[in-house]
Amino acid sequence: MWDGPLRSRQNLRTVAKLRSSGCPLTQSAIHPTTTSPSEGETASEILQGQASAGYIEEQQLPATSSQLEMSGDSNAASDNNVVIMTKRQRDDLSQASQAEVLSRLRTEDAQGPAENNGAQSDLALHSCDMEERVDSSKLNLNHVTVNKHSPPASKSAGISQQNDDGGCGASENVDNTTTAASKQRGKLLLDSSSSNCTPKQQAQQAVTQVPEWELSHEQERIFDIVVNHRRSVFLTGGAGTGKSHLLRAIIAALPLSTTFVTATTGLAALNLGGTTLHSFSGCGFVDQHTSTHQMVYRNVLGRKKARANWRKCRVLVVDEVSMLDAWFFDMLEYVARHIRGCRKPFGGIQLVLSGDFLQLPPVNKHSPKQETRLCFEAKSWPRVNPLVCTLSHQFRQKDKEFFSLLNEVRVGALTAPSLGLLSSLSVITTVSFVDEEKLKLKREVGAEAVDIITDSKGRTRRQRQDGFTILRARRSEVDAINTEKFGELDTEIYSYKGAHRGEGHFPSDLPSTVSVRAGCRVMLLANLDLSAGLANGSIGTVESFVSSKLHQTANPSTKDDLQHLADHMMLPVVRFDHKGKQGPGDGGGAAAGRLVVIEPHRWTMRQGDSDVSCSIQIPLQLAYAITIHKSQGMSLSHVNVDFAGIFEEGQAYVALSRCTDVANLVIENFDAQRVNPNIKALAYYRALEFVGTEHREAEKKLIDNGNKMNPWGPYDVEDFEASDDDNGGAVKKEVVENLTYDAENISCMVEQFRQRYMPQYIMFSTLRRRVLSNTEDAARVKGALLVMDTTSLLALTNMTGPTSLYQTIFTERGNMMRVPRVVKEELLFLASTDVKEVSSVTTPTLHSFCSTCSSTPCSTGFSYDFVEVVSCALSIMENAKCDFLLDEQREGEANSLPPVIQEWRSLSPLLMLNSSPDTGEKDAPSVIGFGERSREQHHSTLMFASFLVSRYSGNGAVYVCTETVELAARALAIGLRVCSIAYLCNRARRVN
């Protein structure tokens, strides 16, 4: 493709005149000193390539004559076919009201097309000219209602639609098809070379075809920032906050031809009607230990389609960015800059990133033990400087209680009622129980007729799993469940053994042997057709098999490939589950409910234009159970989760948040120790909270300045041209590597505070591990004095079967209950006060299981009355007093605290036992969430426990019984013993 300079206004006018007059477009006719374009290349293609690569300056882009009239400048440069609008005129035009713009559109439409409109429209509303369409910032696209009577827009010549891997090609030679999601996007920019409508009619049709979206106030604000102000953003928030809904609205409002929708997982890409990021970029799966940025760039440069994608792209959407490694992000930024020949961040591309760093981190397949770096740790992140937009409003009103619980699990700050609810949903399956009634029935009807083995709640395994999607942390557990369920069927089995040729071995993350039978549940392992809903992660049921000898296969290589996989020629026929659409813009789902023949799939490893290896297999695996990693991005109605195998940070949150209804959630072996958020992500979100004022000021400045700001913020980057030759050769002008950015931008500020918080988070992580390893089970303690705090009494109340647990700990084990004065005072206060004013935990702090009011459930929204729970705790205290098992603290029963023992002194800054902390960092407060009141309560409790140790240690042990990490750590630090009723010890171990 010819990439000669096309910079001046005169050149643009000349191109338009030549186009309208029918003269051939030669470079000599446009500019006497440049080389001729390739044969058959049109002015539209020239302008499109130049604008998408960042070569055409915004102030040189064309505008329609009517737009100039509205700008009010009679001195504007004009032409019979093309009128060039100056930057000042566009700024004036951007201030025109929505009513005025629409009024002029209707007026000109009623008057009919102007003479010679074909040549004028060709450049007036070109698909690559995003800034020069009718001012979308004033048309308020998200509120425009679809006009059912307006004719459909004609398919634009030269505009590539969604292709087979979800990307948008830049060449007419690419075989492109339109996805369902692509059809729903508003075609705001139309190339009119194949249209009989005037530019104004095209613009009006484009506006009326934008779907109507219902957005909240905070969603509208973010929508405006992305669509109208062209700012790169990072969209984040917890489950149920409307991230996907907002992304669909944004995608629908952006130009189809230059907006590329991607995700880090195939399923997430399906949900947005896009493609995987690896497929779009052309990078493939690369290893940072064996590949450099330059090597990847050269490979991408040799791929025509990927090269065209990067040059055509103006907006890049990336969902599930939490699974994007920092190295890969830096590599993408490097490739984008060099292919586009532009020093701007990502070569000037606007980024719309979405995800939650408190979900699963990136998977390091090559070095599993090596700590992965999250995306915000990338070197290029401060240059991109995305404006962080946090969604906090939840839209699942019926799931308000569950939403509150998920937010607490997300940040690892579980309150007493959340712990109680999770415990009530949990069953113990590490120990088998026998249903006595079913045992009698079994003796009567036969050994095989009745299942007598149950969990702790009397449910059999089949009752817990049938109809539920089983989520497990480890692949070995998933394989065992799938094998068992598969064996219950009696249909014929067809097996396929994977084949591999070329370098390396058959991929370890693919099943080497696939065995399926009619009636079994399966999951798709490849993105076969995103437009038809056939994405990696789609679940369905095998209904039958067809012979490839009789079946007309979609791929010519199917029969040959099948001969390498099996000694038969049968292909599975799968009916995939229906995926209900959630709103305009949803992609996929076309194949849901239909029978699909699954043919062998090829996974090819390429280096440049050469195939170095190829693996072939039927892209299916059994799906009765799936791994938690595989489930990220899914929405499941019935979920069974086992906490026993959870090992990864964020795994518990991802598993629980897959379920849409808490009533259909089964938890096996709940263990609060497994609720572990990533401390780097916690520090990042805490830093974001601390610079919230700066974020609000940045948003205000962005809106006040209109569209004058760059996608990466207010600072500017000196740009220069570079391009590749037609054969994908080297860049003509080397892109400077010493890249600069505003060192005081918001991303830099966030990173500075994150680094300042990290030592405290690391210290707390160490403290937490020590507490969990040294806390004893209260149900195993014998003949001791248990100093109870508020959380332990509430836990005793919330536990399933509190009466039996009370009997075990205090009657059978012979323990005595001792209650500090401050604990009883707090319980009485909570029982007699409506504490609705108390704010719930909304920030990612580390105050796990805190006993202060800020951690009590009054504001979490759970259905049961917390006052009743507190009253129940007081009732237990009265019963214990009547049983002579309880005694309360009396006046004078307190000793001063002993010094911190040697092994805990390194954690003294977090313990705050002897004096108020003074770190000298006034602008970076402690990450620990308990306040002064909590600290005073802990001190009073510990002083009472110290008194009991000095007085009764000869007659038995003294334990501090608590469910909070902070109090447990403070007690252990001064040499006291600690026990837990529920949450600081493994529940499963107590049932022995």
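From the backbone N, Cα and C atoms, a Cβ is placed for every residue, glycine too.
Owing to the predicted nature of the structure, the values given are computational and were not obtained by experimental measurement.
Feature list (source: Swiss-Prot):
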- 1-21: transit peptide (TRANSIT)
- 20-43: region 'Disordered' (REGION)
- 23-43: compositional bias 'Polar residues' (COMPBIAS)
- 145-182: region 'Disordered' (REGION)
- 173-182: compositional bias 'Polar residues' (COMPBIAS)
- 190-209: region 'Disordered' (REGION)
- 191-208: compositional bias 'Polar residues' (COMPBIAS)
- Gly237, Gly238, Ala239, Gly240, Thr241, Gly242, Lys243, Ser244: ATP binding site (BINDING)
- 651-670: DNA-binding region (DNA_BIND)
Across the DNA-binding region (651-670), what does the pLDDT come to on average, as a whole number?
-> 88
Intrachain residues whose Cβ lies under 8 Å of the DNA-binding region (651-670), provided they are six or more past its termini | 238-240, 358-360, 396, 398-399, 401-402, 405-406, 409-410, 421-423, 425-430, 455, 464, 468-469, 471, 473, 628, 631-632, 634-644, 676-677, 987-988
List the other residues in this chain whose Cβ sits within 8 Å of the Cβ centroid of the ATP site residues Gly237, Gly238, Ala239, Gly240, Thr241, Gly242, Lys243, Ser244, in sequence order.
-> Asp356, Leu391, Gln394, Phe395
Could you tell me which three-state DSSP class Ser244 (ATP binding site) falls into?
-> helix
Per-residue Cβ crowding (10 Å cut-off), top of binding-site residues Thr241, Ser244 = Thr241
Which ones in the same chain are close to Gly238 (ATP binding site), with CB under 8 Å and 6+ residues apart in sequence?
-> Asp356, Leu358, Ser392, Gln394, Phe403, Leu406, Asn407, Arg410, Ser657
Near Lys243 (ATP binding site), which residues of its own chain have a C-beta under 8 A away, given they sit six or more steps off in sequence?
-> Leu235, Thr236, Gly237, Ser354, Asp356, Leu391
Around Ala239 (ATP binding site), which residues of its chain at least 6 apart sit with Cβ under 8 Å of its Cβ?
-> Asp356, Phe403, Leu406, Arg410, Ser657
For the DNA-binding region (651-670), what does DSSP give as the number of helix, strand and coil residues?
-> 10 helix, 5 strand, 5 coil
Which residues does Gly242 (ATP binding site) neighbour through Cβ under 8 Å, counting only same-chain ones at least six apart?
-> Ser216, Gln219, Leu391, His393, Phe395
Cβ-Cβ neighbours of Gly237 (ATP binding site) (radius 10 Å) = 21
